[in-house]
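Read through the structure below, which is laid out as structure tokens, and then see the notes.
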Amino acid sequence: MTDELFMRRALDLAALGQGTTRPNPMVGCVVVGPAGTIIGEGYHQQYGGPHAEVNALASVEDQDLLRQSRVFVTLEPCSHHGKTPPCADLLIAKGVPEVVVCNDDPNPLVSGRGLNKLRAAGIKVSTGLLATEGRALNKRFFTMQEKKRPYVVLKWAESADGFLAGPHFQPVQISGPQAGLLTHKWRTEEAAILVGTRTALHDNPRLNAREWPGPQPVRITLDKNLSLPPSHHLFDGSQPTLVYTHRHRDARPNLDFITLPPDIAAAPDVLPAVLADLHARGLESVLVEGGPTVVGALLASDLWDEMRVFRSPRRLERGIAAPRVGLRSWRTAENVGEDKLFWFENH
Ligand SMILES: NC(=O)c1ccc[n+]([C@@H]2O[C@H](COP(=O)([O-])OP(=O)(O)OC[C@H]3O[C@@H](n4cnc5c(N)ncnc54)[C@H](OP(=O)(O)O)[C@@H]3O)[C@@H](O)[C@H]2O)c1
Ligand SMILES: [Zn+2]
């Protein structure tokens, strides 16, 4: 029970790195001294910065106590020289007798190596404590490592009668202000945000987080024939933007045009190639804000991880239909202002 509490504390610390460690995982670490109390804490704060173990061990005032301490860490300690020296070596050098790990490293090239190194040095090692919670915390990182694509969050707002836009693509405000605020928060939580060509054209979205503090996502749209008006907000250079196209256009500051190879461009669905390219760019997650064509393609090819649907109490009577999903399969449903938010997970 107490071990669980220590690991929970380590997970809470890890979560403080949300948004600043990506595409690295969030990692937390707690040092429990011989008296059974926490004598040191740390977390991975910044991509490229010191790992959680380094910060936690350094925070212990009496370094001699490390020889009688137990270290709780949320991810398998690294064993290779990356941007920083291996944490496994540090734990060994400090004489730590026991290490408790939450999640094994998902990278098959390094998985188990850190643990083996510790065990070979005579350190008592156990893994899997609160593993489910650890995977949930680092869902984006694990998806990126295991599926070689970003974590995909689908999001839209629909009317009570199942429409997400009026007839003839006329933009209508469907969800209320609280849903809008939450959407802006979500935009700070994902590395990228994607919309289809028609949404970019008709809604002219800014795709930034104006109503919530935090990092701005990379904006992404599809524009096969480069037909979107250059005066649209997406092309204003205010934040990094990627446009996937069949044509060629020179890059401008904060605006890149990515020409898809002819064989991919000819395919009916270019999204798998787009996701693979985002993965290659180290973008660990993408919030997909429609429209229904893009969302439908991702649903059909099972390239999604979460779906967040706002259902408004108001009716539209006619318009563009929202993707049909079994609303009974939601994991949670909650009220957000006047709207109902249904949250789905793809298992
Ligand atoms: N209520 C909401 O939450 C919400 C959110 C977003 C949008 N909307 C509404 O949705 C409407 C637009 O939806 P929509 O479905 O017509 O358009 P969309 O999904 O935004 O864009 C469709 C276009 O994007 C390209 N595209 C999409 N998926 C593709 C794929 N898998 N492979 C290749 N190309 C792909 C195609 O362009 P090409 O034709 O050039 O090949 C396609 O015609 C707008 O009225 C907007 O207001 C509502
Ligand atoms: Zn490390």
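All positions are counted from 1 along the displayed chain.
Cβ coordinates are placed from backbone N, Cα and C, and glycine is handled just like the others.
The domain 'CMP/dCMP-type deaminase' annotation in TrEMBL covers 1-126. Per TrEMBL, Zn(2+) binding site is recorded for His51, Cys78, Cys87. Among the features that TrEMBL reports, active site, proton donor is placed at Glu53. Feature annotation from TrEMBL assigns NADP(+) binding site to Ala157, Thr199, Gly291, Pro292, Thr293, Val294, Val295, Gly296, Ala297. Annotation source TrEMBL lists substrate binding site at Arg187, Asp203, Leu207, Arg210, Glu289.
Location within the structure of each feature annotated in TrEMBL.
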residue	record	Cβ contacts under 8 Å, 6 or more apart
His51	Zn(2+) binding site	Val27, His44, Pro77, Cys78, Thr84, Cys87
Ala157	NADP(+) binding site	Leu164, Ile174, Ser175, Ala179, Val309, Phe310, Arg311, Ser312, Asp339
Asp203	substrate binding site	Pro171, Val195
Arg210	substrate binding site	His184
Gly291	NADP(+) binding site	Trp156, Leu164, Ala165, Val195, Gly196, Arg198, Thr199, Ile320
Thr293	NADP(+) binding site	Gly196, Arg198
Val295	NADP(+) binding site	Leu154, Trp156, Val288, Pro323
Ala297	NADP(+) binding site	Asp269, Leu271
Neighbourhood of Leu207 (substrate binding site) by C-beta distance under 8 A, where only residues 6 or more apart in the same chain count: Arg187, Ile193, Val195, Pro217, Arg219, His233, Leu234, Glu289
When you measure from each Cβ to the nearest atom of ligand 2, which of the binding-site residues His51, Cys78, Gly291 fall under 6 angstroms? His51, Cys78
Pick from Cys78, Cys87: which of these binding-site residues has the biggest number of other Cβ atoms within 10 Å of its Cβ? Cys87
Distance-selected binding-site residues near ligand 1 (C-beta under 6 Å), from His51, Cys87, Leu207, Val295: none
Non-site residues, in chain order, whose CB comes within 8 A of the mean position of the CB atoms of Arg187, Asp203, Leu207, Arg210, Glu289 at substrate: Thr183, His184, Ile193, Val195, Pro205, Arg206, Asn208, Ala209
To what whole number does the mean pLDDT across the domain 'CMP/dCMP-type deaminase' (1-126) round? 95
8 Å Cβ shell about His51, Cys78, Cys87 centroid, Zn(2+) site members excluded: Val27, Ala52, Glu53, Val54, Pro77, Gly82, Thr84, Pro86, Ala88, Leu90, Gly114
DSSP-derived class (H/G/I helix, E/B strand, else coil) of Ala157 (NADP(+) binding site): strand
Can you tell me how many other Cβ atoms are located within 10 Å of the Cβ belonging to Glu289 (substrate binding site)? 23
